[in-house]
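Record features (TrEMBL):
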- 99-119: transmembrane segment (TRANSMEM)
- 139-160: transmembrane segment (TRANSMEM)
- 180-198: transmembrane segment (TRANSMEM)
- 218-238: transmembrane segment (TRANSMEM)
- 262-289: coiled coil (COILED)
- 308-341: region 'Disordered' (REGION)
- 316-341: compositional bias 'Basic and acidic residues' (COMPBIAS)
Amino acid sequence: MSKKDFVSHLLTECDVMIRYASGEGKTVPSHIPNTIYQLQNKHDIDEYTLLLENELTALTKCHKELSLLVYPAKPLTLAIMDKESASVSWLRFLGPVKLVRHMSLLALFFLISIIALSISPEVNQKTINEGLFNSEGRVLLLNQLFLLCCAGLGATFACLYKSRNFIRSCNYDPKFDSTYWSMVIMGFMAGLMIAELIPTQDITQSPSSSIGDFHKPLAALLGGFSADVIYSVLNRLVEVLNQLMGSTDQKAKDKVKVTLTRADLAEQLQQQNKDIKDSILQSQKLNQQVFSALSTEFTSTVFNKSDFQPASQDINRPRTDGADVHNKKTKSEKEQPVLSE
């Protein structure tokens with residue numbers, strides 16, 4: 001997108017949002033219309049004139065404030081609806097946007113087709129309920145077209161109802177148009193499946209049923225209207241069938257899982273027992289080391305005490321021997337005769 005298209009797009013959306021907010025009775029800040037008006041005049045004079053940086057900043061700021069002001073409406077939706085309102089097409093009474101107009105025309109086509117096909121004598125209560133396998137040729141073709149038109153009418157009704165909420169809130173986004181058309185196609189398939197392929201006749205043939213005479217068109221209409229519900233029901237049926245048909249495989253898988261779980265538990269128990277044995281051995285070794293250390297310390301303590309006691313006796317013994325020698329020496333001196341005499 002070129003710079004000119006970018007600026008033109010922002011100016012157009014700002015202009016539409018100002019008119020929408022004013023029409024809704026919302027208060028628009030005074031600086032926003034002034035800024036947009038000046039930028040529009042400058043852009044109209046010369047479309048190829050580049051805006052200054054401050055002008056682009058002011059434009060984007062105004063666009064942001066206006067987007068918050070008109071919320072939940074979207075600027076793009078307001079611009080599209082404003083552009084469509086300027087068109088002079090005679091189909092505009094069917095809706096403000098192309099999607100709604102096309103869906104309305106398609107719904108009218110299905111409605112007229114249902115009326116036209118019901119005029120044919122080959123489309124009646126008996127032939128419509130015969131089904132795919134009890135009818136043939138032109139009768140089958142007309143009845144199947146009648147059911148498809150019923151399914152299409154239900155699908156277009158659902159799409160118009162859903163799009164109406166977005167149009168009313170002015171937050172319709174054209175990028176989701178393909179989603180609505182896919183809903184119509186899914187409605188065709190769901191309506192035909194629920195009318196012809198799902199055995200609803202057993203339900204409607206009960207005495208309490210009030211729709212037993214003409215159940216297939218109603219089933220096709222409901223199937224087209226609720227394609228999402230039909231998908232959920234079919235998905236649930238597939239899950240149930242998988243559970244029923246795959247019960248043997250599931251049991252085998254469960255058995256394998258149980259076996260693997262038991263093997264894992266046995267391996268874990270074996271590993272735990274091994275760890276416990278290792279811890280016991282380590283504790284025994286530690287106890288032996290502690291006991292040997294205590295024994296060594298106790299033995300050394302006892303030996304130290306025994307060495308200390310004789311040493312103390314030897315210390316005291318010389319003192320006694322010295323005194324005895326001194327006494328003996330004194331006695332001998334007394335007993336010795338004097339040589340001089």
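The chain as shown is numbered from 1 upward.
Note: Cβ is positioned from N, Cα and C throughout, glycine not excepted.
Annotations in TrEMBL come from automatic prediction, not curation.
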Distal contacts, the transmembrane segment (218-238) - CB-CB under 8 A, six or more residues away: 147-148, 150-155, 157-158, 183, 186-195, 198, 200, 211
Predicted model, mean pLDDT over the coiled coil (262-289): 83
